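Below: one structure, written as structure tokens.
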Amino acid sequence: MEDIVDHLAFERNKTQFDVDEMKIAGSLHAFEVSDKMARLVASDPAFRKDDRVVLDRKALFMNTLRKTAYAWKRIIELRLSEEEAAMLRSFVDQPAFTDLHWGMFVPTIKGQGTEEQQQKWLPLAHKMQIIGCYAQTELGHGSNVQGLEKTATFDPKTDEFVIHSPTLTSSKWWPGGLGKVSTHAVRSLDDHLPLPGITVGDIGMKFGNGAYNSMDNGVLRFDCVWIPRNQMLMRVSQVTREGKYVQSSVPRQLVYGTMVNVRQTIVSDASIALSRAVCIATRYSAVRRQFGSKKGGLETQVIDYKTQQARLIPLLASAYAFRFVGEWLKWLYMDVMKRLQTSDFSTLPEAHACTAGLKSFTTSATADGIEECRKLCGGHGYLCSSGLPELFAVYIPSCTYEGDNTVLLLQVARHLIKTISQLGSRKKPVGTTSYIGRVEQLMQYHSDFQKAEDGLKPNAVLGAFEARAAKKVIGCAQNLSKFTNPEEGFQEFSVDLVEAAVAHCQLIVVSKGARSRNNFVMHSKITYNCTVDPGESYELLSI
């Protein structure tokens, strides 16, 4: 053990930058809250997780229930703020029903419930006297929400909706918390049994040891279940006592608020997951020695091989870049919500395209990055004790929840093609698509990079990424213009459209990273010595 500590200490002592400065990839306040909660969790044996991968499913689930109940107890005892409580739950680092309760159930009631409904349900939810999930996805339909098969038929005689699952594929499938724990929308508060006409259960084991098997992802079917009309969330739209559908004066676009919020959280989480993997791989690379010994001396540290650095350092840069763009998305979400409250919908298409595209790009890149870190650790990365197999198994669902990643990229592509089609009109491209307004100039762009140091000039890097994105989008638009039926063209060139969307998302990440920290590119390029001591930072580079 002494040998390992000495290796890492030697590397840390060679740093050429302020380590404390590198820890804060957001606000100082956020870092302080994160550090405080991390230390609280790390010092409490009730939150230990070293045995998680050897537990069977039932024991793992009971372990999750104990931890979440204990975490709730500590939150109350310490009178933690909402921000602190959320951070504490994240450091427990075990997928649980509380993720959906706080991340989807409560925000949806806030966003789509009337004031009366909020007054009724939010106090109960905040005290966890009711536990909710988000039962939208069905066995037959996920991304295609319009294709959902479950029916809700209003009966004006009883003032109730009849909820019914007419087919096997109309079964609700996947919602976390649905299988065992949630009380809403399906169980009795008296004995927690399913109400009449309801079939509910756990869908079974998922990928990996431990990992997401601590979550009770569920299945739900309705057999003509009657519920009161006032159980419908009616802030945006209502069904009257007479059965008439009415749009409220509240902008229906407000329903996008929950989606934008969830997706910006997913992007921030991508940074955290990738940071953990990079931290493990970097420390391993500094400690592991292989080949290169002379006259019986020490072998070469793996981190000193250029091939190792070339694979590892870009992942470190990506972890920081994803954190910066995550911070920007938080601002975008707050800005969009303020605008929606005043019926200003001008930035909504931009917000939808940004969150959809960045969710897709960052989760795919992070999943690939975690796997690359596993390979960077050689055979040892395959051991559960390395932390990488379970990290990978926990993280990869991100690529398919909240919309399949390829489907989301095609949505971004539609936004880009629409932006191109409006060139020449009074409606100029704004925000992340503003570069398309300079498309003629960018089509003539030629890189003036002469030496490696030119890569440290933010404007030079941005120019190259803008030109690349613009050329791909224009190429797609030109190909689509040859089709009389736009949808046929969209299907034919869907692969090219996905590539254009990825290029656009990469541009957003680069632009927000460079503007958030003008020297972030330099930081990520300096050296591999960005690893920190476990007692120094648990937020960005933590195991």
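Glycine too: its Cβ is placed from the backbone N, Cα and C atoms.
Taken from TrEMBL, the feature domain 'Acyl-coenzyme A oxidase N-terminal' applies to 24-131.
Model confidence over the domain 'Acyl-CoA oxidase C-alpha1' (256-417) stands at 91, taken as the mean pLDDT rounded to a whole number. According to TrEMBL, the feature domain 'Acyl-CoA oxidase C-alpha1' maps to 256-417.
Annotation comment: TrEMBL describes 458-512 as domain 'Acyl-CoA oxidase C-terminal'. As a summary of secondary structure, the domain 'Acyl-CoA oxidase C-terminal' (458-512) carries 49 helix, 0 strand, 6 coil according to DSSP.
Secondary structure counts, DSSP: the domain 'Acyl-coenzyme A oxidase N-terminal' (24-131) has 81 helix, 0 strand, 27 coil.
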